[in-house]
Each structure stands twice: as C-alpha cells, then as structure tokens.
C-alpha cells in the first residue's frame, strides 16, 4: 500500500486515463457520504492503533516502503522487455502452492457488515518492501496487528492464511475492512519469482471467490465488483490513501486487468457440475464433532444445487448433534443433517463426526428396577442421550414404582435402560432394591439421651433409605447430651432423629431409642429482672437450656452488675433455666433478684500495710456488699501487724484490699483503713556489689523488703564471702533495703562494700610468747581484716615482755592469730608469725616425785604456769617450808626446769630439794 499518490491511474480497455490527486480526494470524499458505506458499529473496522492515535492509515507500518510518486502507467503491459506474465505461467505449467494455515489467536475477531462468513469480495495488496520475506511479514504483523492485519500472505512458493476469512480484518480502511477478504503479495526479486507468486495469488483469489460463491468481477475501473485493488478502494470507497499493487505490477510489465483475467481462468477451472443426491432418508443417531478444521455446515449437502454455508462446524464442537437424516451424493460422500437442542441446523460431511449412538447398539433385556431415592431429580429421555430436546422430565414421578426394563444400550461406556412406558434412563439412577422413601426431612431443635442402646445403631442416613450405612453402636453415646438437629419420617412409618454431640454431627437414630428431655414446647413466657449472682460470674450461658459446649456462649462475668431481662423459663430435668433477652439461657440459680455491688475489677497486687483506723472497720470474706460477703473479724485484731496485700478490688463503694498475715489469707478490708508502707513503685533499679557483714550472718533475707515470716528465706550465712549483685533498692519506713540477684531482699545495714575475712575458728588456748618480729606488725582489737578490727598499737610496745596467749583464731585468708595479755590485762590480737612461743602445755611431762622447799629459796614464788608472770604469781614458797611437796609434772622452759606441785602450782626445780632440810 503506497503512500498518498499525487497521480493515479484507471484502466479502461487500452486507453490510459490520468486522474489527479484532487480528483481522487473528491471521489473518496463522495464515497464516504454514500449510504452504502455506512455500517453499524463502524469504529470496529478502524484499527485500534488509529483509534488510539498511535498510528495513521498512511503510517501504519505496512506497505509504506516507498515515498515515490506513481507515474502514469499503461493499462495493459508496459514496454519493459519482460515476457507476458500470464503466457509465461501457462507455458511453464506452474503448479500452485498448498494453502497453509497459521491462524493467529491474538488477532481481534469481528464480523463483516453483512455478518459472519459473508465477505463481498477480495482486496489485492502488495507489501511495498523489496527486502522482506513472507515469514518476516507475518512475524511483523503478528506483533503490530493493532495497526493493521490481513487474512493471508502469498509469495513465489507459499500461500499462508493467518486469519479466518469468515471474519473481517484491518487492511484497507474502515469501508473495505467491513466488506472484503484481504491478501498481501510479497515482492519478488526476479521475473520468474514474480510470475510464480502471481500464479499462486490468482489461484488463491479464485479459491476464495469460489468458496463464498462470489463471481469474478473487477472493481478496479468502476468501483463495483468483487476483485478490488487497494488503489480502487482509495478511489471509490475512501478511508485509505494507498495505491498498491498498480506500480509493483507495472515494474514487471503487468497490470491489474491481466491479473483479473488470470483469476477468471483459474476460477472457471474450479467450477464443477452440481452433485446429485442418490438417496435422502430419515435416521436416528447422535454424534459429536470429530474434525472441525476444514469442515462447515451447509443448508444442503455441499456441492449440490442450492447449498449455502451456514456456519463453520467448530461452532458445534462438544455438543450432542442429533442426526435426523442421511444423504449420499453422486461424489460418494455421505452427509448427515443434524439438530441441536431440537433445532435443525444443517448438513455436514459424516466423516467429520464421531457417532456415539445408533439404534443398533440396543439389546433386548428383561428385569425390574426402582428409582434410587437420591436420583429423583435426574431426568429420563426419549433416547439414551442427555438432550434437552428429548427430555421427558424427572424420575420423581415414579418413586417407589416397579419399573419394567425392555432394552439396554452402552453409550460411551455408560449403561442405559429403556423402561416400559417411560423412556431411557442411565442404569446408575435405578436400583434392584426397593428403599424406604423419605416422606419428610425437617430441621428441629431438641435434646435427648440414649434410652435403649441394645439393638440400636447410628446410621449415616435413616436406615433402609438409599445410601444408609451402619455406624457405631448407639451405646457409644450413652449418657451424653445429644442435640437433635433434624427429624425425618420414612415410608415405613419410622421417625428418625439426626443428632450432634459437642457441635459435631454424628448420624441418625430411631427416635424410639431415645429419651428427649428438652424441646422448645417446654418453654414458657416470663417477665422478670435478674442480676448475675456474685460468685456465679464463672458460670456460663448457652444458646439453649442445656449445658452443651457446642452452644456455650461464654461466662456470665460479662454481665456482672447489669440488669438482665428474663423473657422465658423452662424446667429441664428438674432444674429451672431462664432465657435472658439478648443473652441466652442460664440456670436460674446463677442469677439473683438482689443487686449487689459489682466488682469493677479484681486483680493481684503486692504491697504491705498496717492498720491505720481500726474503729468502725472490719475484715470480710469478700469485698463488703458483694455477693457472699461475711464478717471475719474486727480490723483491730490485726493492729500493729504487717499485713501483706495480695489482691485489690474495686466496687461501687470503693477500693478493697485482701490481705494475709504470717502467710495465711485473712480477708478483705477497706483500703482507706490501712496505711501502706510498701509497694513495688517504691523500688529503684541500681547496680553494685556487696558482701555479708560477718557479724550479720544470722540475720535473714526476705522475698520482699519487709520482715515477714511468710517470706523469710533464711539466714545470710549461706552467702558469707560471696560477691552479691545488687539489682534494686527501696527505702521502707526510713530503712534502706537491697534486692540481691538470685537472693531476695535484705537490709542494707547487713551488707558491706568491703570483703572481710571470716573466722575459720576461734578457741581458748594457753601459751606464752615474746615478740620475735616487731617491725611491720601491730596489735589489733580483732584479727586484722575481720569485721570491726581496729589497730591498738605497734607490736614493739611489748617487746621483751612475757605475753600470755589466751586465744587462737584462724581467718579465711589462712592467717593464725593470738590474743594475748600482759600483766593480767588483755591487750589484743597479733599474728603468730611475729611471736616466739616459749611455752605451751605440750612441753609438760608427767612426773612423780617428792620435794621440799630449800631453806634458801623460801622467798621464791610459785605460779599458775611455768612462767614468771605477776598475773599468775601465787605467792612465796615460805608457806610450804618443811612440808612434803608432791611433784606431778615437769617442763623445761627456756632451758630451766620447772615442777608442778600438787595443790600448789609451778615453781622452778632449783627452788626445791629431794631432801628435807
């Protein structure tokens, strides 16, 4: 399709007639107002790209290969030096290409202006692209079809149809698009290729005209006919400006009249005499489409006189075609006339169908059957095919009747029976068993329990009805509340109940096996006001007056304190139930006519309080004026005690505390009567490390910062010397407490930041020492690094003195300490390594001897221990002059022998004599 020409040609005989661009425009304009051009829904025939403004007819991407202006060309054959094309074709006896189909599903489908399958002719195009190929053109058009597309492409060796010719295309402007089949010719590079392509083109054009019973009539010169050049469309119809294929034909010494002449020759060769009908008879059969491609439906057998196209056979794919007549034509083809849904459609080649029913498939049988109750709505038919045209109605008319079988037929693997005086029905809809029928099946509401389990079962459907299967023994459900959801009566007169348990449908049971304890008929109207009884808030209400989890609507706590309107009552198994408006059913015992204080909340808390105002306050089992509250004691009974607050509740009269004492829960008291000295809000987060003060090992720690035996966790001694991690602190009544990780609460005064040594042991001993190393050593009030140890003096103060050792202690650091006295006065503690011990009792030995005080030594003294120490000086020996002294022990102290005399003490051996003086 060339661009808008500035001159064009009209062929008439051998005369050349030039037409200016102005004339073409005028004719096109005139054509556009011709009533014959007006088509309903004309926009359908305009390419989408043009409608959207993304393309124009002049610039649609197709046939835009040259901008050259066409020159005047001769009507018949230009003197180009090429042979006569038509003669060349005949002399070479070219064959024609096979018609290929590559239909593009993405192309839009729309009918011609006169309807589906009713083209009025054909438009001859050429591609205007010297370098393209037939596949390249098709591929490009397949992507850009919104700008333009045609029915087929032709080249030297192929004819490829890409769109059904029964539908229109977008190839030559809206007026041609509404009327014509359109075919593109791919350009050739040699004369021989051109001639071969023209041969294929003319054949295909003739084939299409013959297919649609259209004559060969050129519209090139007068705008009337069935064979149109694109150029003629421009000049006579409008809606386009292209002029192909005139210039391209002229390039090879060819013109449009030559082409129409070749079409006419091929068209005539296709014409044949009408076939005759050898027979035409009524038959009965059913078929479906087997091969839709290439087959159509005709008003009469095709190629017989008067045969016209009805529809492509594909229109009836998947449908049951009732074959009503069979005809054979002189060409040997057998044709079937068929109807669909009772309406006669037309004739089709029998080879295009698959026949699935003929009367020859039937066999004679005898037998009796009954309609399956579940198949009452299934229909029966005049023939063994589901076809609305022979539908005789539902099987329900014959419920319970004995049906006499006469014939059977297996149609597509499915067995059908013909019933006497009835018709055909699928065998699966009938049964040899006469089942009970359901006379009624209705929803009801009731509750029952098993009365007679023996011999009774649960069924999937009422027993003896179609499909009923035995389930478990009824005894499985003994003692359970069975909600009755449906009631059915069978034709045998038995009434059956369908029941559920806990919301799950179980099955059907004979009503005689049950005892029904609730039906709606037991209910009575009632008008009353009630309140949820305190203490009953956890009781539930239900959809019906039965405690069944499947209809449980939740606890009554949602309605505590609300005024409830009672509408109905029912006594179920001796127990009165109320139905509350907008609520449901609950036992009457859960409600009360008295309105108590309502608990707005009741929550666990942690606190400690003491009695602030005992006068006029009491302790109650529940918050005062709530349901079930009773007096426990006057509050004064707990004055001065630590009350642990464990719950807080709010009523319309105030806030109440529940408390315990010594771990025992006591009751509830008005919070205003107490002074709260601890709540968790008093706590603060801290970090730090502490150690147990050794002197506080017996002190206890607690679960909270309060000294309460109920939360006493034991003595701190378990944690001596351990680093304790602080987490929180609280000042309770002026006293600081610490919470220790993994431990609990302890008063801060029991801990220290210093890690003291602890005493491994501390025992009384007897010894005497003197200072060995004074330098760097001191005397302490306690062993150094023990809690409370204070320095007294330098050890050098006591150098040279006899230090009586009173006690020995060992600390956790491994050091051994001595507590000593000098002159009978206790001084302090000193590390043992700083001393030289010259006496210990271990130095003593037993001895038995008699001695006498030497006269010269009667003024010497004796001592409590073998050491000269004024603190243990017992006096002069003169008291015992002349007396016999019994020696019991001896000890050598610093090289000097001492004797211990019975009932006397120690004295140096030198003071005594073995002989009496």
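For all residues, glycine too, the Cβ spot is worked out from N, Cα and C.
Feature annotation from Swiss-Prot assigns domain 'N-acetylmuramoyl-L-alanine amidase' to 118-245.
Across the domain 'GW 1' (279-358), DSSP classifies residues as 7 helix, 47 strand, 26 coil. The feature domain 'GW 1' is assigned by Swiss-Prot to 279-358, with sequence analysis given as support.
The domain 'GW 2' annotation in Swiss-Prot covers 361-435 and is backed by sequence analysis.
Predicted-model confidence for the domain 'GW 3' (440-519) is 95, expressed as mean pLDDT. Per Swiss-Prot, the feature domain 'GW 3' maps to 440-519; the stated evidence is sequence analysis.
Feature annotation from Swiss-Prot assigns domain 'GW 4' to 522-596.
The domain 'GW 5' annotation in Swiss-Prot covers 601-679, and the record cites sequence analysis as its basis.
Sequence annotations record features per position, and here Swiss-Prot assigns domain 'GW 6' to 682-756.
Per Swiss-Prot, domain 'GW 7' is recorded for 761-840. In the domain 'GW 7' (761-840), the DSSP tally of helix, strand and coil residues is 7 helix, 47 strand, 26 coil.
The domain 'GW 8' annotation in Swiss-Prot covers 843-917 and is backed by sequence analysis.
Annotated signal peptide per Swiss-Prot: 1-30, in sequence order.
According to DSSP, the secondary structure content of the domain 'GW 3' (440-519) in residues is 7 helix, 47 strand, 26 coil. Assigned with DSSP, the residues of the domain 'GW 2' (361-435) fall into helix, strand and coil as follows: 14 helix, 38 strand, 23 coil.
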